[in-house]
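For 120-150, the entry in Swiss-Prot reads repeat 'PPR 1'. Annotation source Swiss-Prot lists repeat 'PPR 2' at 154-188. Residues or ranges marked as repeat 'PPR 3' in Swiss-Prot: 189-219. Summarising the annotation, Swiss-Prot assigns repeat 'PPR 4' to 223-257. The repeat 'PPR 5' annotation in Swiss-Prot covers 258-292. Per Swiss-Prot, the feature repeat 'PPR 6' maps to 293-327. Look at Swiss-Prot and you will find 328-363 tagged as repeat 'PPR 7'. The feature repeat 'PPR 8' is assigned by Swiss-Prot to 364-398. Taken from Swiss-Prot, the feature repeat 'PPR 9' covers 400-434. The repeat 'PPR 10' annotation in Swiss-Prot covers 436-470. Here Swiss-Prot flags 1-74 as transit peptide.
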């Protein structure tokens, strides 16, 4: 944990003056939340510098309405003058300000003014992407021309530009960038054509992509991947009939549809709950010499699970085993989850303890997570803890944040906040794990419900410091709770964050 965050949380505790019993509980929450980072001094140093610069830009009064304002702030600040600037630090800063193009450009301008620093192509690519996201097309084009002069434009750059144009509905501009590939020292070939087509299809511009293909295929030969791009594009647009037509077109060009082609269509049928057509497609795959693989069957099972059709999902698993398809860890993780939700705990245990080892299928973190979640869901927390200890002592894999989420949920369910603190401390001090957005959100919401918004607020501060954007609903809940306790400074801070940081939109 950076000294800035430690001081911020420490000052918060002094202002709040909580009870000694609450401090005992909370000390297991926040203390050493970033211990994992402290094992790597160079990472901590870079992180601390990023935090300092962030506070120079956002945490102080004054204008920052333009990149020049940000540049002046950074150039005149004594802390920034002592910063050990690196490509990694610039990347981290640009990532933090990816939704604030003025600050991002101000950072680039300041970095460029620092002695001995020269921007990497990655920094330029990020700037182009940030400007494209903000639809600042003229500024983006300026950067592209600058990159062209320095011969820094790559296919990755082109992909970012085309994606932003296509996403904004400016698909002609995206095609125009492709037409200029020669100016950037890049070649128009099947690879670059597929990049354009894939960009258009992913942005649901599949019809425009079709027009482009018809124009280009006379001098650029499509390959099997070209047709798979369109199959995915049509399915994403929920137009499965066109995807099926593309399968026929693919055959007409001498390419045999592969398991990826069919599985993409099956996934679309699953999303439409057309499971009869799913089974028809499975039969067609077998007849055409492209038998379903483990991913195909797992996709179907996951979709059935989402519909709570657990018994039907188990029948799909049986069909897979009978077909001779070799199962993998992903399939077994899904099978364990299915058995757990169907209430067949003993069968899930047999799969985990007997079937997977016998077939030589590796047990990974997700496998353990499925078993731990199963035990927690069925209120068998002792078995979940035993399995966690087994996982820790094995050489197979290590726990991750998702390992602990069902355990934390169980603790809150029975009102054991002290155990929550112990688990959190174990996560960060023993396994050097960093909390993710979903875990922070879960903890903040549950602490608010438990009338412990002081500690929820401190986790909120830590969340912001880790570059994790809180959800709009989380901010509103926390703001309401701190106002109830007359935590005026905390309320002002939350409101400031809500104004200056682009929050995840509320669920409608």
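Backbone N, Cα and C atoms are what each Cβ position is placed from, and that goes for glycine too.
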Using DSSP, tally how many residues of the repeat 'PPR 7' (328-363) sit in helix, strand and coil. 28 helix, 0 strand, 8 coil
Sequence-distant contacts of the repeat 'PPR 8' (364-398), meaning Cβ under 8 Å and at least 6 residues beyond its ends, amount to 329-330, 332-333, 336-337, 339-341, 343, 345, 348-349, 352, 356, 405-407, 409-410, 431
Long-range environment of the repeat 'PPR 6' (293-327) - Cβ separation under 8 angstroms, sequence gap at least 6: 259, 262-263, 266-267, 270-271, 273, 275, 278, 282, 285-286, 334-335, 337-339, 341-342, 359, 361
Could you break down the residues of the repeat 'PPR 5' (258-292) into DSSP helix, strand and coil, giving a count for each? 26 helix, 0 strand, 9 coil
What residues in the same chain, six or more past the boundaries of the repeat 'PPR 7' (328-363), come closer than 8 Å to it by Cβ-Cβ distance? 294-295, 297-298, 301-302, 305, 308, 310-311, 313-314, 317, 320, 369-371, 373-374, 377-378, 380, 396-397
Across the repeat 'PPR 3' (189-219), the model's average pLDDT, rounded to a whole number, is 94
